[in-house]
Amino acid sequence: MGTFIGHILPGVGFILIGLWHLFSIIRSYVETPWSYNSRAWFPTRWTGWRRYMEPLAIMLGSLASISAELFICPAKHQPFDDDWSIPDNHLNNFEHSTMSLFFFIFGACCLTSDLTKVHVPRGLLHLMGAVAFSQELILFHFHSADHMGLEGHFHWLLQLPIAVGLVCALLEVASPKSFIVSFVRAVSILYQGFWFVQMGLTLWIPALTPRGCVMVEKDGHEVVQCANPDDDMRAKALANLYFSWYLAAILVSSLCLYVGMMCHKSKQGLTAIELGGR
């Protein structure tokens with residue numbers, strides 16, 4: 001994950017899942033607002049394997065992430081030292097792959113519960129999602145890489161949408177009929193994806209790195225360092241502005257999607273009434 005591609009690809013994955021959840025949550029609420037119930041995942045309206053595109057995408061993406069972290073990216077194509085201990089420079093690989101492991105478990109639970117038709121207690125899948133978010137939050141908060149400076153500030157801001165997703169997933173266990181909680185959870189997933197992408201752009205593309213900051217190699221990893229405290233403060237202030245601007249854009253876009261789908265449903269209702277009156 002500590003590369004440009006390692007941030008862009010997970011970011012795109014979170015964006016796609018977030019958009020799918022946002023669309024599905026709004027559609028479900030618009031169609032039957034009086035009987036809305038939150039879901040931990042949303043099947044498509046196709047049949048066969050395509051019904052399970054969301055959990056399959058989560059599982060495949062998680063497996064790809066684990067493979068890249070532990071076997072593809074390491075120079076020896078395995079993450080252990082000669083004595084089979086975990087070297088210091090590969091601790092972050094294990095942390096990233098552990099996050100992916102919990103999302104894989106969540107996707108597998110969603111898939112098997114539907115395929116086997118096993119009775120799943122209400123809220124259990126939401127709880128599994130909350131566990132995945134909690135592990136992501138803990139492993140980023142206590143990251144072995146000990147991110148400092150601008151990179152650390154970006155990672156600290158990343159923890160905010162993760163925490164929101166965790167809280168909302170837990171609230172959905174207790175309040176499964178709350179559209180607002182589901183809506184905010186979807187927005188937090190979408191936001192997390194966009195922030196991953198922004199991190200990749202700012203921290204790994206020199207042309208987009210804030211003025212006065214450059215990429216240097218430190219302890220075998222490339223990090224962004226600023227020339228002086230003033231440049232560091234300016235870079236962090238820009239990160240705060242990016243964070244707020246993304247929030248504004250995502251909120252406005254999400255609300256526009258809600259209003260648009262509501263208006264479309266209302267027009268369909270009026271058309272049905274007119275046709276029935278003829």
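Cβ from N, Cα, C; glycine included.
What TrEMBL says about a protein is an automatic prediction, not a curated fact.
Look at TrEMBL and you will find 12-30 (among others) tagged as transmembrane segment.
Under the heading transmembrane segment, TrEMBL lists 123-142 (among others). For the transmembrane segment (123-142), the residues of the chain that approach it from at least six positions outside its boundaries are 38, 40-41, 95-96, 98-99, 102-103, 105-106, 109-110, 113, 155, 158-159, 162-163, 165-166, 169-170, 172-174, 176, judged by C-beta separation under 8 angstroms.
The transmembrane segment annotation in TrEMBL covers 154-174 (among others).
Sequence-distant contacts of the transmembrane segment (186-205), counting only residues of its own chain at least 6 positions beyond either end whose CB sits under 8 Å from a CB of the stretch, comprise 3-8, 10-19, 21-22, 25, 150-151, 154-155, 157-158, 161-162, 164-165, 168, 215, 222, 224, 239, 242-243, 246-247, 250-251, 254. Look at TrEMBL and you will find 186-205 (among others) tagged as transmembrane segment.
The annotation transmembrane segment is assigned in TrEMBL to 243-261 (among others).
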Same-chain residue ranges lying at least 6 outside the transmembrane segment (12-30) that approach it to Cβ under 8 Å: 36-39, 42, 54, 57-58, 61, 179, 182-183, 185-194, 196-197, 254, 257-258, 261-262, 265
